[in-house]
Amino acid sequence: MVTLSRKFSTATSDSLTYISLKQFSQNPQKSTPFYQIQQQQLEHLKSQIVTTLDGCKNLTQIKQVHARILLSDLEQSCYVLAKLIRTLIKLNFPVDPYPRSIFNRVKYPNPFLYNALIRGYLIEERLNESIELYSLMRKEGAGPLSFTFAALFKACGAKMNMSLGRQIHGQTILVGGFDEDLHVGNSMIDMYIKCGFLEFGRKVFDEMPKRDVISWTELISAYAKTGNMESAGELFDGLPVKDMVAWTVMVSGFAQNAKPREAIMVFEKMQESGVETDEITLLGVISACAQLGAAKYADWIRDVAEKSEFGGKHSVVVGSALIDMYSKCGSVGDAYRVFQGMKERNVYSYSSMILGFAMHGRAHDAMKLFDEMVTTEIKPNRVTFIGVLTACSHAGMVEQGWQIFELMEKCYGIKPSADHYTCMVDLLGRAGRLQEAHELVKTMPIEPHGGMWGALLGACRIHKSPDIAAIAANHLFELEPYCIGNYVLLANVYASCGRWSDVSTVRKLMRARGLRKNPAFSWIESEKGMVHEFFSGDMTHPRSGEIKQALEDLLERLEAKGYQPHLSSVPYDVNDEDKRRILMTHSEKLALAFGLISTLPGSEIRIVKNVRICEDCHSVICGASQIMGREIVVRDIMRFHHFHDGICSCGNFW
């Protein structure tokens, strides 16, 4: 390599001697001492070699530099050889035999040289060899560096080798001088957390004399992942300087632990603090808004995303999340506008939009978008087909659903999973073809999971089929013995058929297993964006008197038009008058009445419910949309219902 040879041609030992003697003879009084000049030239040579190694791209170039090192009598220079070994490892050359052979020729390797080789072994996930080299290092009297311990802790964490990690922790104490090293302390915390011993990581943190934002954030993130947001919040509040990563961990932590309000509150404070956001922060708060289903925050979050240049037009990831958010907030039109405005779309964008159309009962729009998608170069994935099949299910499109189901493997090579079979069971069951749905569960080539039997049980509730419901429920009691919803659903099926002794048997089983029914509740946004919650039978709201009066007036007007309460919606063996009283205070009716008295006439009312809307409430809200001239959107655990002029988007099929 000509360039390398020329670079080093003036740096041989002879030329160094000549230059030094010449300078000394010209000015013996003022010239630098000979040994100092030689040392300066040597350091310059080392610097040139290191710089050249930075530019090496292949083994041939590295070997040429290695040859120059040998010719320059630098084969014992730990500084140069450590760089040589690091370069080989950086270019993915194995530690054995080349880098190890370089190391073995050095008589007195220093800690940096040891560390370069230890790191190489750790990159190759050869933890045992790295520990042997560390032991040799200690035996030869070379003191380890903070980087040595940090690398070993990282490897122990990756391997979840708690025993070895604790031994290395002991070494930091025995060697001494590392108790105040911030880098070592942070690596130790990370190791304990990855090994599943969060309390040990917290103890290390508490004993650290110096901490930085990494120390705090590692623990905050760990607490968030375990669901302990109280401890995460306490640490976060004590963090002196909160950067974007720390804020993001809190936002994402609350969102992932089903605490959307808290996530949005933290994000608001983050905005007030003037801290910038990135894609990960936005994805966390978008997820929180989608969970809450509150339109109040949706536009604001979208504006923040656009201003930070991570909006739907710029980021396909954030754009897809915004589609999902708007869909779950009841604004499928806004979701589609985000989709249309995206400069780039991928399979997730299409899948999110198809799922959005499906959950809002717009099956034909979902199918149209799917047809558009298959004409592009974007291939549908498993999630796409779940969206399309869900759309067919919610619209009762049985034949179209079967065609799509068969297309999956035949045209796209996607073998149907348990989730796709669940969609088909749901499709057949909702259409009233319960025997076919049951037969599909029994004969399909994969083991049915809880979701599949749950879909069949749900269909039995719609079509009042207690016998098949009992079969599905018994399977669910084995697969999910502590899932309260399965017991409640079976009891409701029996109640709808008047089989009260069977209802009592199911409730006794629930009590025997220590299960308690989660209370049904609904929430609604007021004009000012405040969220109001209503529990069934709860009349403690400050405006309960007005709510009760508005509800009585509405029911009176509905009865004048022929409304009759669906008493079968009450799963209790009580008299008809008590059933009417119970139906009167269902949470979605209370939320509806509050919406009527707290929002402007003619404006849209949006309600979210944590369980499936009952048949009676569905009928009341449907009639209310016509009498009051209001569009009413209800999101329950199954789907969205858009009530307008006495008609629901679900076509009474949910």
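Glycine residues also receive a Cβ, built from the backbone N, Cα and C atoms like all the rest.
As annotated by TrEMBL, repeat 'PPR' applies to 110-144 (among others). Panel annotation: around the repeat 'PPR' (110-144), residues 78-79, 81-82, 85-86, 88-89, 94-95, 99-100, 103, 151-152, 154-156, 158-159, 161, 164, 171, 175 of the same chain, lying at least six beyond its termini, place a Cβ under 8 Å from a Cβ of the stretch.
For 181-215 (among others), the entry in TrEMBL reads repeat 'PPR'. Helix first, then strand, then coil: DSSP counts for the repeat 'PPR' (181-215) stand at 26 helix, 0 strand, 9 coil.
Across the repeat 'PPR' (243-277), DSSP classifies residues as 26 helix, 0 strand, 9 coil. Taken from TrEMBL, the feature repeat 'PPR' applies to 243-277 (among others).
Residues 316-317, 319-321, 323-324, 326-328, 330, 332, 335-336, 339, 386-388, 390-392, 394-395, 397, 400, 412, 414, 639-642, 649-651 of the same chain lie 6+ residues outside the repeat 'PPR' (346-380) yet bring a C-beta within less than 8 angstroms of a C-beta in it. Under the heading repeat 'PPR', TrEMBL lists 346-380 (among others).
Predicted-model confidence for the domain 'DYW' (562-654) is 90, expressed as mean pLDDT. Annotation comment: TrEMBL describes 562-654 as domain 'DYW'.
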